[in-house]
Amino acid sequence: MPCEGCMERDNESTDATMEFLLLGFSDLLCLRVLLFLVFFLVHLATLTGNVLVFVAVLMEPSRPPMLFFLCQLSVIELCYTLVIVPKALISLMVAEGSTISFLGCAAQMHLFVSLGGAECLLLVAMSYDRYVAICQPLHYGAVMSEGLCLRLALACCLGGFAVGLGLTVAIFRLPFCQSHSINHFFCDVPALLYLACTQSYSLELPLLAACLLLLLLPFLLILTSYVFIAAALLRVTSSVGRGKAFSTCFSHLAITLLHYGCATFIYIRPKSSYSPARDKMVSLVYTNITPLLYPLIYSLRNKEMRGVLRKMLGRKKIAQLN
């Protein structure tokens, strides 16, 4: 359905003075205080958990590849939440919604897509690390060298940045509705596409290309890694050894399914099936809940991470006693 009050953008509507109105949760005015408190507490817990993981790994002198990738994941999640949540909290304090400039909206979308894309690619690097550790354990130290880890981390960031930039430029070249009201709490891609004053399906091609590069291909690579891992585990005769190997993959599998599940539900679908209320609820999960769950999952299930956290807390206790 085309949006109401549409008009082609002229020169005046494309400059930096143009603004969007983020409606946020203006339809839930009676729950504003409760939602603000919940979001704020979850945001603080998310920041605390990811900072704790980052500092713990940073203080470890000998960092294995998985801890290095966990450190990068924590940094991405910190930036990810800081890009989205503060603006969402502000929108809860304003009954009629909050405004965001044209350039501010574009910057928010670009950072959001870039960080989310970098995380998708980082999950591929982590699956490769698990593949080498289980399928080629004797060559693990030589293959997963510090240089390779740094190159993989850089490639993840650059890949996410490039795809995010291309998608953002494509979206913000579209003609938007005259009202410029976004029924969301941040500048998400489907919400901006819904404002586009055109019924052509060609406007969805940049989003489909981004989904192909950041969702489908990375997920197929992760799936391929775990097919080889499963084949290797079937050859392990000891149930104890098989259980240990599986436990090293559980955290990564849980985060992969959580991340790709939410992203697939939101982005891989036609514009006609867009539902603002439903999308806002799902967006709440992957912008607030999943960044909180990541450090919890890795802290509880990853043996290396638990050891690093115990060391850090032990140093803190010793320092307090001294």
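Placement of Cβ uses the backbone N, Cα and C atoms for every residue, glycine included.
TrEMBL lists 49-298 with the feature domain 'G-protein coupled receptors family 1 profile'.
Feature annotation from TrEMBL assigns transmembrane segment to 33-59 (among others).
The transmembrane segment annotation in TrEMBL covers 66-89 (among others).
Residues 66, 69, 72-73, 76-77, 79-80, 83-84, 149, 152-153, 155-157, 159-161, 163-165, 167-168, 171-172, 186-189, 192, 210, 213-215, 218, 221-222, 225-226, 252, 255-256, 259-260, 263 of the same chain, all 6+ positions outside the transmembrane segment (109-128), place their C-beta atoms under 8 angstroms from a C-beta of that stretch. Residues or ranges marked as transmembrane segment in TrEMBL: 109-128 (among others).
What TrEMBL lists as transmembrane segment is 148-172 (among others).
Look at TrEMBL and you will find 207-234 (among others) tagged as transmembrane segment. Within its own chain, the transmembrane segment (207-234) has Cβ neighbours under 8 Å at 113, 116-117, 120-121, 123-124, 127-128, 130-131, 134-135, 159-160, 163-164, 166-167, 171, 189, 193, 242, 245-246, 249, 253, 256, 260, 263-264, 267-268, counting only residues six or more beyond its boundaries.
Per TrEMBL, the feature transmembrane segment maps to 246-269 (among others). Below 8 angstroms of C-beta separation, residues 116, 119-120, 123, 126-127, 130, 133-134, 188-190, 207, 210-211, 215, 219, 222, 226, 229, 233, 279, 282-283, 285-286, 290, 293-294, 297-298, 301-303 of the same chain, each at least six residues beyond the ends of the transmembrane segment (246-269), sit close to that stretch.
Sequence-distant contacts of the transmembrane segment (281-300) (same chain, at least 6 residues past either end, Cβ-Cβ under 8 Å): 39, 42-43, 45-46, 49-50, 52-53, 70, 73-74, 77, 80-81, 84-85, 88, 184-186, 188, 251, 254-255, 258-259, 262-263, 265-266, 306, 309. Among the features that TrEMBL reports, transmembrane segment is placed at 281-300 (among others).
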Should anything in the same chain at least six residues away from the transmembrane segment (148-172) have a Cβ under 8 Å from its Cβ atoms, list it; otherwise answer none.
65, 68-69, 72, 102, 105-106, 109-122, 124-125, 128, 189, 192-193, 206-207, 209-210, 213-214
